[in-house]
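Have a look at the structure below before the remarks.
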Amino acid sequence: MNNQGRSILAWATLFIFVILLFNVFQSDSLLGGRNNITFSDFLTRVDEKTVNSVKIQGRVIEGTSNDGSTFNTYAPDYPDLVNRLTSNDVNIEVVPLETRMNTFLGFLISWFPMLLLIGVWVFFMRQMHGGGKAMGFGKSKARLLSDKGPKITFKDVAGIDEAKEELTEIVDFLRDPSKFQKLGGKIPKGCLLIGPPGTGKTLLAKAIAGEANVPFFSISGSDFVEMFVGVGASRVRDMFEQGKRNAPCIIFIDEIDAVGRHRGIGMGGGNDEREQTLNQMLVEMDGFEANEGVVIIAATNRPDVLDRALLRPGRFDRQIAVANPDINGREQILKVHLKKIKYNSTVLARIIARGTPGFSGAELANLVNEAALIAARLGKKEVDMHDMEEAKDKVLMGVARRSIAMSEKEKRLTAYHEGGHALVGLYCPAASPIHKATIIPRGNALGMVQRLPETDEYSQNREQMESSIAVYMAGRVAEEIIFGRNKVTSGASSDIKGATNIARAMVTKAGLSDLIGPIFHGSSGDDMYGRQPNNETSEATAELIDAEVKRIITQGYEFAKDILTKHIDQLHTLANALIEYETLSGQQIKNLLSGRALDSEEENKFPFNDSSTIKIDKEKSPEKTKTTKAKKENYAS
C-alpha cells in the first residue's frame, strides 16, 4: 500500500474509533438506552403499585415494572421519595455514582487525551519520515534513481555540445577508469553546472544517470536543512555514507545555492543551521577521509552567491557553463522536441531557430508544445508552420487580445505609432531586420513591432546602439508628427525606458561617451543580500552622465524625426495598411513601400538608393559584432 493509502486508512481508523467511543458514552449515558418517562408518570405508577423495583444512582432512577418492562426517569430534589416507594412495596437498590462506570472505560476516559496526542504525534512523524522511522530526522533524503520508467540519454540532449563533452568524460571514467588512470589522471571530485534557468542543467544530470551504469543519487539543496538543529549536517554525513557504500556512484545536488551560500551572513549573530550544513559538506567533499569513487554533480543559476571554499578545486574541480543555445543549438533542440509531435513539411526548424534568439531549451520545448495545442484547438491533424508562428508570437509578445474593442481613433494612433517604429527600423543603417508589425493587442501592449537579427549577436557597436535608440523613439515621434505635440500619448513609456537603458549603458558601461570617457560607473551587480551596493560615482559625474544620456536620446529622437518627416507618405501608406490588415510581415512591409504586390516573394532590397535619407547597404555598413545576449526586441505601443 502506498503512503497516500496508509494516510487515508489511518485517518479512517481514528475517525471510526472516535465514533465508537461516542456511541459508548451515548449508550452508557445516564439517560440513554431505555424507555424514558416523566417523574409525574413515575409517581403515578408507584401509587398504582405497578412498579416492582427501582435502582437509584444520584438523581437517575432505573425502574422495572411488574410486567418486566424497564424505564428511566430523572428525579428532582424530593425528600419523601424513599418513603413513598417503601409505602407502595417497591424494592429499592441504591448504586454509588462512581461505580457506574466500568474500570476499562474509566481508564480510557482518563487517558484518552494523552493517548490521542501521542497517536497524532506518531502519525505525523511517520508521514514526515516514512515507514516507522520516527527518529530518522538525520537520514539523507537522497533518492536512488530507479531503472524503471523512461530513460534519458545524451541523445536527448541537444544544443549544449561543450557541456555534454565535459560530462561524457566523467561517465567514461566511471565506466572504464583504467583508460585515464594509466596516464596518472584522477576522476574529478565534483562538477558544477552553471547557467540561467531552462538551459538544461537538470536534463544533463538525467542524461548522466541514463548513460552511467553506476548508482545515481539525486537530492535538492533545500532537502538538507530542517527545523531541528544539526539535522542538515547529519543528512550530509548520511548521504556521503550512502555514496561510499555504493561507490563508484554519482550524487546530484540540484539548486545547491539553497545550502551553499556565503558563510558569515547569518542574521542576528546566532549560529546558522545552514552554515553548519555547508561546513559538513565542505569536510565530506575534501576532508581527511577519502571519497574515492563518489562524484558530486551540482547545478545552480546563482554561482555568485556560492561560498568560495565550495568552488575551489578539490571540491568542484570543474565549472561547466550551460548557456542559452546559439542558432545551431536551437535548431538541434527544436528537432529533438519536434520528434514528439505530428507536423508536416512546412515546419522548418532552421527558420524557427532564427526567429527565437535568446530562447533557452525549456522555452523552445514550451514553444513546440504551444504549437501542438494551437493545432489541436483548431482541429488540425498535423502542426504546420502557421501554428509555430502563432505559438512564437504568443511566447514573444503575449496572447492576442482580440476581444478588446478599440475605437477607430485608438486604432489609427496605434497604427501610426507602430508604423513609425517599422519605417525608422528599415532606414536605420545598423538596425536588425523587421520581422513583423501588428496592431493586434498582445499582452499589455496595443501593438508591437518585432525585430530579429539575422544571426546571433553577442555584442553591439555604437552604430547599432544608436540605431536601436532611434527605432525606440520613432513611435513617439510619429505620434507627434501626425497628431501634434499635445496629442502624444503615454503608449511610448516602455519605448522611452528601453531607449534610456541603452543610452545609460553606452555612457556608464560601454565607455561610448566622449565626455565621460571609457570609465565604468555604477554597480557591478547585486550583493549577497540581493541589494544594490553603494554607487561610488560623484554627484558632479552623475550630473554629466544624466546630461550625456539626455543628449544621446535627443539625438536619436531627432534622427527618427528626420526620417519620418522626409518619408511621411510612406508612413501614411504603412499605417493605412496596418489598419486594414492588422498584421504585416517584414517582407510585406518592404513590398508595400516599394510598390510591389503585398505577398510578392521577389528579392526586395528596400530601401532604395535615395540620397535624401540614409542608404542601407549591408555590405558597406560597419560589420556587425555580436550582442551580449541574443536579443528579442519588441516595441510596444
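Just so it is clear, glycine is given a Cβ too, placed from its N, Cα and C backbone atoms.
Under the DSSP three-state reduction, E418 (active site) is assigned to helix. Neighbour count (other Cβ atoms within 10 Å of the Cβ, all protein chains): 29 for E418 (active site). The feature active site is assigned by Swiss-Prot to E418, with sequence analysis given as support.
Sequence annotations record features per position, and here Swiss-Prot assigns ATP binding site to G195, P196, P197, G198, T199, G200, K201, T202. Mapped onto three states, the DSSP output places K201 (ATP binding site) in helix. In sequence order, L193, G195, A299, N301, V322 are the residues of the chain that are 6 or more apart from K201 (ATP binding site) and have a CB within less than 8 Å of its CB.
The annotation Zn(2+) binding site is assigned in Swiss-Prot to H417, H421, D495 on the grounds of sequence analysis.
Marked as compositional bias 'Basic and acidic residues' by Swiss-Prot: 615-637.
Residues annotated as region 'Disordered' in Swiss-Prot: 603-637.
Positions annotated as topological domain 'Cytoplasmic' by Swiss-Prot, on the basis of sequence analysis: 1-6 (among others).
According to Swiss-Prot, the feature topological domain 'Periplasmic' maps to 28-103.
Restricting the average to the topological domain 'Cytoplasmic' (125-637) gives a pLDDT of 80. According to Swiss-Prot, the feature topological domain 'Cytoplasmic' maps to 125-637 (among others), an assignment based on sequence analysis.
Annotation source Swiss-Prot lists transmembrane segment at 7-27 (among others).
The transmembrane segment annotation in Swiss-Prot covers 104-124 (among others).
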Discussion item. Please report the Cα separation of G198 (ATP binding site) and E418 (active site) in Å, rounded to an integer.
Written reply: 32
Worksheet item: Just checking the binding-site residues P197, T199, G200, T202: which sit within 10 A of H421 (Zn(2+) binding site), CA to CA?
Response: none
Worksheet, complete the sentence: Same chain, |i - j| six or more, Cβ under 8 Å of P196 (ATP binding site); the result in sequence order is N301, A323, N324, S360
Worksheet, complete the sentence: Here the recorded positions are H417, E418, D495, and the Cα closest to that of T199 (ATP binding site) is found at D495
Fill in: Environment of G195, P196, P197, G198, T199, G200, K201, T202, the listed ATP site - residues of the same chain whose CB lies within 8 A of the CB centroid
A299, N301, V322, S360, G361, A362
Response to the item:
Closest by Cα to P197 (ATP binding site), out of the recorded positions H417, E418, D495, is D495
